[in-house]
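Asks: Sharing the features that Swiss-Prot gives for it:
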BINDING   His54, His56, His113, Asp138  Zn(2+) 1 binding site
BINDING   Asp58, His59, Asp138, His176  Zn(2+) 2 binding site
Amino acid sequence: MQSSLHALPVLQDNVLWIWVRGDEAAVVDPAVAEPVIDWLQQRQLQLSAVLQTHHHADHIGGTPGLLERWPDAAVVAAGADRSRIPFQTISVSDGDQVTVLGRSLQVLDVAAHTSAHIAFVIPEQEDPDLGPVVFCGDTLFSGGCGRLFEGTPADMHRALRRLSELPESTKVCCAHEYTEGNLLWAIQQQPQDAAIRQRYDAVVDLRRRGELSLPSSIGEERRSNLFMRAASAEELGRLRRHKDHWRAA
């Protein structure tokens, strides 16, 4: 049974991920329901599971609507966030394995953006059609990282270190298309960095053609993401504070 992975842009910059195996699908962080329902119905697919990385409205807002259409779909979320994701049916925590679409996913605690943020990893051996994949929500972005709404620079540094330990080929399926802005900011911090400049130019070309820059890869983030390259929590904190107040010209 072959698998495929699809990115579905919604709202201003959200990206939903839809993982398909056979005639079933799982969706990650559905901000809204209708585009997902339309996408699945056009392909005659059944929704088997919803994966929630954290509780923010632009990640869980569509789940109740999906459950109205597919009431038997599982909702996998952090047990520590039950009060904020009350419709979860499978509660998980760091180190857990959870079966989705017949495959075993690993759960990682990557709390920083929020206090109970998790990521889901599909190891390559579990689904060779996809290769290794991480659904990382708003912790790791392509070329950046999430704002620290409920965590500290030390929390984010720890979370990014955990993600950086995944295989280089791991697809980074984050939840927003922020790459161009993230890399423009990074160039201004490191104007002589060839890896960042080359990646930025490639992303600008993609976006001008109307294409997504996602997914990235762990290897690419190691090379050209200043937050993932930060040697300490203090350095990451300085970068994050600067980025929080930065606006593109």
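The backbone N, Cα and C atoms fix where each Cβ goes, and this holds for glycine too.
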Asks: Between Asp138 (Zn(2+) 1 binding site) and Asp58 (Zn(2+) 2 binding site), how many Å separate their Cα atoms?
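Replies: It is 11 Å, counting Cα to Cα.
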Asks: Given the recorded Zn(2+) 1 site (His54, His56, His113, Asp138), which additional residues of the same chain have their Cβ within 8 Å of the Cβ centre, ordered by sequence?
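Replies: So the additional residues around the site are Thr53, His55, His59, Thr114, His117, Gly137, Thr139, Gly146, Phe149, Ala175.
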Asks: Could you tally the C-beta atoms, other than its own, that fall within 10 angstroms of the C-beta of Asp58 (Zn(2+) 2 binding site)?
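Replies: Around the Cβ of Asp58 (Zn(2+) 2 binding site), 18 other Cβ atoms lie within 10 Å.
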Asks: Please list residues from the chain of His113 (Zn(2+) 1 binding site) whose Cβ is under 8 angstroms from its Cβ, counting only those at least six apart in sequence.
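Replies: Within the chain, His113 (Zn(2+) 1 binding site) has Cβ neighbours under 8 Å at His54, Gly137, Asp138, Thr139, Cys145, Gly146, Arg147, Leu148, Phe149, Glu150, Gly151, Met156.
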Asks: What other residues of the same chain, not counting Asp58, His59, Asp138, His176, have a CB atom within 8 A of the CB centroid of the Zn(2+) 2 site?
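Replies: Those within range, site residues removed, are Asn14, Asp29, Ala31, His54, His56, Gly137, Ala175.
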Asks: Roughly how many angstrom lie between the C-alpha atoms of His176 (Zn(2+) 2 binding site) and His56 (Zn(2+) 1 binding site)?
Replies: 13
Asks: For His113 (Zn(2+) 1 binding site), which of the three DSSP-derived states applies: helix, strand, or coil?
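Replies: Looking at the DSSP assignment, His113 (Zn(2+) 1 binding site) belongs to neither helix nor strand, so coil.
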Asks: For His54 (Zn(2+) 1 binding site), what is the tally of other C-beta atoms lying within 10 angstroms of its C-beta?
Replies: 28
